[in-house]
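Straight from Swiss-Prot, the features:
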TRANSMEM  127-147  transmembrane segment
TRANSMEM  187-207  transmembrane segment
TRANSMEM  212-232  transmembrane segment
TRANSMEM  258-278  transmembrane segment
TRANSMEM  318-338  transmembrane segment
TRANSMEM  372-392  transmembrane segment
TRANSMEM  475-495  transmembrane segment
TRANSMEM  504-524  transmembrane segment
Amino acid sequence: MNKYLVPPPQANRTVTNLDLLINNLRGSSTPGAAEVDTRDILQRIVFILPTIKNPLNLDLVIKEIINSPRLLPPLIDLHDYQQLTDAFRATIKRKALVTDPTISFEAWLETCFQVITRFAGPGWKKLPLLAGLILADYDISADGPTLERKPGFPSKLKHLLKREFVTTFDQCLSIDTRNRSDATKWVPVLACISIAQVYSLLGDVAINYRRFLQVGLDLIFSNYGLEMGTALARLHAESGGDATTAGGLIGKKLKEPVVALLNTFAHIASSCIVHVDIDYIDRIQNKIILVCENQAETWRILTIESPTVMHHQESVQYLKWELFTLCIIMQGIANMLLTQKMNQFMYLQLAYKQLQALHSIYFIVDQMGSQFAAYDYVFFSAIDVLLSEYAPYIKNRGTIPPNKEFVAERLAANLAGTSNVGSHLPIDRSRVLFALNYYEQLVTVCHDSCVETIIYPMARSFLYPTSDIQQLKPLVEAAHSVILAGLAVPTNAVVNAKLIPEYMGGVLPLFPGVFSWNQFVLAIQSIVNTVSPPSEVFKTNQKLFRLVLDSLMKKCRDTPVGIPVPHSVTVSQEQEDIPPTQRAVVMLALINSLPYVDIRSFELWLQETWNMIEATPMLAENAPNKELAHAEHEFLVLEMWKMISGNIDQRLNDVAIRWWYKKNARVHGTL
């Protein structure tokens, strides 16, 4: 129920009440009587206006409302301004329900509209009433058909309302606002955001996009909104360190008019961006960067002073709201980058700046524990723009001029320079995680020097965790994703050849404990694929292939039979073909590696692998879980057959099939 539909004191339909309302609106009061609360005045408007029978009286009251020093003072509070919009909206909805013989609904609306349009004073005073009319029209239309036919807004009036609102809005923003109070300067934007929930202001009757963005962004970043990214720090300081008090203050902040409408503003702003010039968009992006950096720094300080703030529900909710707002606005910039032609320098710089902003607020995404669609869209769109600079060299990376500077690599160096790799603060870990996610995309196209001096060194820092594994797990997984992406690039052969021995030695101990079984198998397969003939790494150092297979074979021999895979590193139990034991996982990695072996030694490797499989039942006698050991044997036999009969080289397939049917015979030779 609307709060303004609660009857005010003495809310009957008398001339006395009408006079009383007018006195209230003018700020007059009976000598000795207490001043009437603004809410009571608004309630009287809701109950009295729909029952007025004389159009002249309605005309009078509307004029009094617009000129009221109580409702629309020069230093009006934005909350009071929003209340007036809500109250007038409720008034019109009530008028549509009033059955007493009064002025007809259409005549009542026409009178209100004419009084508002004729008002010659400041335009900002007209906007709450126009917004109330527009929102009420939406409410009445949205209610749908009822048993009692409700009157609706005439089509012509709908159009006139929208046109009058847009004209008034543009006039308000075109006037010099330097000597006006913050409230009266920003009131038009708040009104615009209010009705944008139900009316498109971007069509045939469109607002002034640039002015809306200019004043609107000032509003949402002001003390009425996000406070340039410092709101949380201020509210926690005011709470004196008490979590409950801080929660109450933040909850109140989230309900303030501007903050409550951030979602709507962000979508309007995102749609407006495509209509303004590039230089102005650049200024918008610069301001967003500053907000993001401020929020990151204040959150760092908060978490240092009180680590429990990481789990403070209201603080996290506020951060999510802020993230959503900033990403939706930047989504408009991303759309513009992907659809409009522009100077390449500005094109690349805007994408660079978008990633700068996302880098600062990635800690919020990390805090959420899941990706956010708008964030992902901006992130990958900006990366696409930066990597487009490599387009002329994609087919042959060897043609990249060694001294050519790329914006994407400048960002890579900047991220490395600002990352605190040794820090245990969650916000610092989030920054490193962002850098690794970016490097995973960049490593496939950039200079070898960037890979060797920036990307791989950063990833190396987290490849082999020795402690705090659960806390570091996202970083470990991201670091390995970077390396695996780099291993797949043929032109990284020299760098990869140097890395492989160390990397193989570091990967093998990660299962079990860090890697899930499928992560381990994937990592081994990627390494084998990188070092096997006829790869560029194999041409660089042919010994690496044998080193990798020998290391894997040793891991197979050293892994006991019948030990279950830890629950912490398994995948969903609904997935089929899950290896039953740790040894089955390691052996599976070896089996999957066999198709890369040279045909001259392929049969020997098949036999050696089969010997280890066939040894399983014997080894199971000493296993703690004999049933699991037998399941391991069955699994490995099946996987061996899948490999042999699967999609492998035809020549290898012929050798493997012949071997399979004579495998009980002795195969002569040594590995």
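Note that the numbers count up from 1, one per residue, in the order the chain is shown.
Backbone N, Cα and C define each Cβ position, glycine as well.
Small disclaimer: the values here were computed from a predicted structure and weren't measured.
Outside the transmembrane segment (504-524), and at least 6 residues removed from its termini, the chain residues within Cβ reach (under 8 Å) are 463-465, 469, 473, 476-477, 480, 484, 547-548, 551-552, 555, 565-566, 569-571, 578-579, 582, 585-586, 588-589, 592-593. The largest share of C-beta pairs under 8 angstroms with the transmembrane segment (212-232) comes from 318-338, of the ranges 127-147, 318-338, 475-495.
Listed as Cβ neighbours of the transmembrane segment (475-495) (distance under 8 Å, sequence separation of 6 or more from its ends, same chain) are residues 397-398, 429, 432-433, 436-437, 439-441, 443-444, 448, 451-452, 455-456, 458-463, 465, 469, 503, 507, 514, 519, 522-523, 526-527, 529-530, 535-537, 539-540.
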